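Asker: I have a structure I would like to understand better, so I am pasting it below and will then ask my questions one at a time.
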Amino acid sequence: SPSLRTPMFVLIGSLATADLLAGLGLILNFVFQYVIRSETVSLITVGFLVASFTASVSSLLAITVDRYLSLYNALTYYSERTVLCIHTMLVGTWGVSLCLGLLPVLGWNCLHDYAACSIVRPLTKSNVTLLSASFFLIFIIMLHLYIEICKIVCRHAHQIALQQHFLTASHYVATKKGVSTLAIILGTFGASWLPFAIYCVVGDPDYPSVYTYATLLPATYNSMINPIIYAYRNQEIQRSMWVLFCGCFQSKVSFRSRSPSDV
């Protein structure tokens, strides 16, 4: 449907692909770590995991940038310039993710130098530090953008209130829903990834591996929660799923700009 061909859904598709690959990478990594032992293949699966999780986090950043642009440049959002910007972000997201995933495969690993190992073997300490620093940078950028989005949403609600001389209940609910959705998104993202990112910096490879798994587990939950936050709550996707699997609900969704409740 035309409503699913907007730039936002391209980015959601990128996020879904990255999370799907992350789940596949976890399964393969477990198999070649504990069932079929192979250092070479295990190294490849670790690189695959780094690339997929990096693509997932980067896709979340791209979605945040898209949401900011859709509100900041509402009049010119549905233009070819926005489409070009989205495609550029996609190329950058997957290009950087692929490069970071290839680094351990191409030699930035500690297979022959145990002293250089991090809490995530066979990644080196410097490699893990780079990944953690990249995450903190992305988290700060997302936090800043979401604060700006909240300001725009509240300003729009205030302007509507001035035009109508009062803030109606529907506008108040839409604004509150939009701000609460942003809080859920950022809170979930931070709670999922911050423990692992912090442990990558302060952890020691001699610590029990259970600590690594305990901090990495919430990060994997983020990939499970993303479909609920970014897809299940979206009415266009719900209607399309009904059409796809049931064929009993014909959607007639008009092409419209994003409202504060859709942020």
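The backbone N, Cα and C atoms fix where each Cβ goes, and this holds for glycine too.
Bear in mind that TrEMBL entries carry predicted annotations, made automatically and left uncurated.
Fair warning: this is a prediction, and the values are worked out from it, not measured in the lab.
Among the features that TrEMBL reports, domain 'G-protein coupled receptors family 1 profile' is placed at 1-230. If you look up TrEMBL, you'll see 9-36, 42-63, 84-108, 128-147, 179-198, 210-232 marked as transmembrane segment.
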Asker: Look at every Cβ pair spanning the transmembrane segment (128-147) and the transmembrane segment (9-36), keep those 6 or more apart in sequence, and say whether at least 3 of them are under 8 Å.
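Answerer: These two stretches do not touch.
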Asker: So, do the transmembrane segment (84-108) and the transmembrane segment (210-232) meet, by the test of 3 or more Cβ pairs under 8 Å (sequence gap 6 or more)?
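Answerer: No, these stretches are not in contact.
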